[in-house]
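According to TrEMBL, the feature repeat 'WD' maps to A:62-94, A:233-274, A:276-317. Taken from TrEMBL, the feature domain 'Sof1-like protein' covers A:309-395. Annotation source TrEMBL lists region 'Disordered' at A:367-392. Look at TrEMBL and you will find A:368-381 tagged as compositional bias 'Basic residues'.
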Amino acid sequence: MKVKMLSRNPDNYVRETKLDIQRVPRNYDPTLHPFEVPREYVRALNATKLERVFAKPFLASLDGHRDGVNCLAKHPKSLTTVGDDKTVKQWKMDGPGCGEEEEPLQTILGKTVSTGIDHHWKDPIFATCGQQVDIWDEQRTSPVCSMNWGFDSVCSVKFNPIETFILGSCASDRNIVLYDMRQATPLKKVILDMRTNTICWNPMEAFHFTAANEDYNLYTFDMRALDTPVQVHMDHVSAVLDVDYSPTGKEFVSASFDKSIRIFPVERSRSREVYHTKRMQHVICVKWTSDSKYIMCGSDEMNIRLWKANASEKLGVLTSREKAANDYNQKLKEKFQYHPHVKRIARHRHLPKSIYSQIQEQRIMKESRRRKEMNRRKHSKPGSVPVVSERKKHVVAVVK
Amino acid sequence: METAPKPGRGVPPKKDNPQAKKKKPRRYWEEEATPVAAPAGPPRKKARAREPRPPRSKGVRGAPKSRFGRKPQAPKNASDRKKPRRTLSGAQDPFPGPAPAPAEVARKFCRIDKSKKLPRSKPKTRTKLETAEAQEEEASVRAARAELLLAEEPGFLEGEDGEDTAKILQTDIVEAVDIASAAKHFDLNLRQFGPYRLNYSRTGRHLALGGRRGHVAALDWVTKKLMCEINVMEAVRDIQSVFPLLAVDGRGSADPNWNRWLYIYDNQGIELHCIRRCDRVTRLEFLPFHFLLATASETGFLTYLDVSVGKIVTALNARAGRLSVMAQNPYNAVVHLGHSNGTVSLWSPAMKEPLAKILCHRGAVRAVAVDSTGTYMATSGLDHQLKIFDLRGTFQPLSARTLPQGAGHLAFSQRGLLVAGMGDVVNIWAGPGKASPPSLEQPYLTHRLSGHVHGLQFCPFEDVLGVGHSGGMTSMLVPGSAEPNFDGLENNPYRSRKQRQEWEVKALLEKVPAELICLDPRALAEVDVVTLEQQKKERIERLGYDPDAKAAFQPKAKQKGRSSTASLVKRKKKVMDQEHRDKVRQSLEGQQQQRQKQKTAKPTGARPSALDRFVR
């Protein structure tokens, strides 16, 4: 007879000395790992709960301003500011030496008050807006060209980071105008329901920009087709004052007159995160830092606050095991995100009472508007009350 | 966009070589005999015209037809785009292409059930599902290749020249194998304390023995080191190893008024708990991933006790009299109870009624066992039959065998061997492979013991069968019964104390809630196909009325005489008429759709024949 018994040599399974690491032989056969799905579900539930436990996004509050913080800018090398005294000043990045007064490098006197400024991404050119949009060269004291379309003042201007000759501006007569710098003409404009406060271009998608509007929504437009926004982002309960994209181009943060800032994914219409503090009043400006980890917001109670972009992320250097555990937990949360218990925990955020009650009120208002429209449709000739998608409702006109 | 890796510095670029057509350097794949697996290098038009395109055999990708009607976009892996490496010495790669992976092995790592039809979904969801399927295929190929790294081979026993393996004695096997394996065969002569029942721990290192007259012992049977030995001074019915603890039940004296409760001891023999709610218990089963101890009692109750928290999860009345036959299905943690009317019922703590009832035998069921993959169930009854049922799919008997004496005890091994204890003889049947049921024609091994069998269990990762009988305990050698390669993170017989502690903490953290026990443990990962209408229907049936139905229209009271009886009636009638009109329109639409369907389905009918009128 031929016989062989299974006999293991313990030397192959037990470590030689106490200084070695333990040996862990692996066999990935599914029959040795029963209940894979329920165990992973429980792990996903635990991971979601721990994420909420470790979600402490507030980092620091920077004091010092003596009035409300109105605008923030990020650039590694230079700083240009505009003021209510019709001047444009350019500053050095190092502080003044001892005994010296802080002096601007250069001062340019303009003809009108400027309300916004933006610098070109590559060339030494910047644009200001006030009564009209002026394009300046850094060496000159008068604008290279001025562009205007419409009769109202322009409140903000932004250069496109990818197609660098395109800029967009928002005016008080509820429109967003796109300009071409090479031809020095406006290209086209889109008129919305209410005024847009600012726009921000997506640093990864050449043609997409997001507009922060007074009607509590944000609209992501494709420059090539302005008649329908790509996405309408609805979650704020008061006017949206500022918006900034993450350098990854996948998310953006918006600051609103209701005292909160929200982080939205680009393709979804609802926010994934909301940050608020009792001490933070109306948030005027917000910026996402260029390493995509932090968010800075300035509010009208004179403080600049620093937040984490991912609330439960551990800062600093992670060991490889921590990284692996992090990745595994992320993937699990993603896999089971639609299960009701997991979804309920992941979605839950505490909101201040003012925002919470406003949300309920606005929900009732929207519901009643919807009901009335359905009734009108039901009781009229079929086809006379057309169904307009939510996206098209807010765009009034596009003018080429 | 550049997708292929660029060749190194010293290699001249292939594209801008105008003399390429005149002097073709010989490529390793241009030998006529070898069909190449991976498409490699820049397209060689002449080569293609000369020989027929080699079949793209990657070893596994038989490209099963996609359920979604579109070709799956398999993510391109690096081996696809590998360019032929020109070595300086001119040597050729003797094994071109990616390493072959056996298709059957890769199939066992596939978890998605491709035969299930999914409802129609949006294109985005469909692409996600397709990507998931393609990734799973690739992962299964990689896992199949990694099987090469498994160190151990399973044991085997083959007779030569038509010798019947069943006639081989244990003593012969002991002489023929190595010393370490020979030491695994031992007999414990313990006649004083009654017939023994035994239980191995999940790692297979520790053994718990319980004698009917009160002898309880726990030992590491490999090193023969005794952990604890006590006499509980009362009768012991069953014993179960519950990770570092022991659960012993059924203690009771001959006095029928004395209740037999469930006792829990630690590994040093100290009694920790006495659970009085589980009384007159006959059998114990521990569900390790849920930390549930299932107890079957003489009173007909199946009680689930959560060992980690110490609470009774549920006590189910099986309504079938005395319960003395119990087995668990390790694949889905469902408890199988055998009854005296020949049925086996399947229980889960989430439901008050059994999940299923299977009629197995003509007489009472005496033993039930389920294999480790949850595919086969073996039952034996008073009608001297031993049957194997298919548990996944149809609950039908696959094979049956008449035994000269009824089998009172059954057990499956990790590799699918079945053992039956009949009186003082044990018979072991083996199947052709790991995934197929044991063939009941000829037994693989037999053995006669010194007493009647009272307990049987295969040791988890060793080729050993433990038999508890009225003369003590015997450890038998059964080559080929155990899984040779264990996974160090699940059950590691060589784990250290620290590793055990870590494993315990992780196991408690991922303890599965008892409500998730059902026949298909993968239900949470599947697409939920039950429609909302079906759920609503079930709710109406259960409650007797429809809780979501709109309340009858109550006209609002109005001022200035508009709320007189006549106008109220008129308003009510208006709303009722509108609802009636809607219902009629809906039913008309439904009927139209049905008629359309029938019209399209009609041409597939068979030709009418004269015998149609006899069809019932």
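Keep in mind that glycine also has a Cβ here, set from the backbone N, Cα and C atoms.
The shown structure was predicted, so the numbers you read here are calculated from the model rather than taken from an experiment.
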Counting only residues 6 or more past its boundaries, what in the same chain has a CB within less than 8 Å of a CB in the region 'Disordered' (A:367-392)? 227-229, 231-232
Grab the pLDDT values for the domain 'Sof1-like protein' (A:309-395) and give me their mean, rounded. 92
Could you put numbers on the helix, strand and coil content of the repeat 'WD' (A:276-317), residue by residue per DSSP? 0 helix, 18 strand, 24 coil
How many helix, strand and coil residues does the repeat 'WD' (A:233-274) contain under DSSP? 0 helix, 22 strand, 20 coil
